[in-house]
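Notes follow the structure.
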């Protein structure tokens, strides 16, 4: 693959680790184009049903990839993605992937403040404890791209 003019960067991590907060600052200071992937999905109604167990819409990953492919495949680069998952994104999209982590007590408090309860709260905290997102990022992007 030819080198991009500017890198495409992905910031990922468990919900509540500070992805959107960091991405907004980095985008503002760097001039990179911030793609809040969740907002792109909402704006374009890229969902495939609703999960009652987790009280959230189910992302249509294929439709989302189709929606973002032209932008993230441009040789100019300059994009900053922000999403809590990364294993379904094409490896070619991002030059580097940053996985945010936080301590479990802080994460628990942040998620409770967002209204997470029950299984949704428990499983997101467990995801952080077991570094699920970090492992997915390494597996889908290779260790060299993941920090």
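Each Cβ is built from the backbone N, Cα and C atoms, and glycine gets one as well.
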The ATP site in TrEMBL lists 16, 18, 19, 20, 21. Which one of 92, 114 belongs there according to the record?
114
Identify the region 'LID' range according to TrEMBL, selecting from 80-90, 102-112, 113-123.
113-123
By a simple count of other Cβ atoms within 10 Å, which of 19, 114, the binding-site residues in the record, is least packed?
114
Tally of helix, strand and coil residues over the region 'LID' (113-123) according to DSSP?
7 helix, 0 strand, 4 coil
At a 10 A cut-off on CB-CB distances, which of the binding-site residues 20, 21 has the highest count?
20
Relative to the mean position of the Cβ atoms of 16, 18, 19, 20, 21, 114, the recorded ATP site, which additional same-chain residues have Cβ within 8 Å?
15, 17, 22, 110
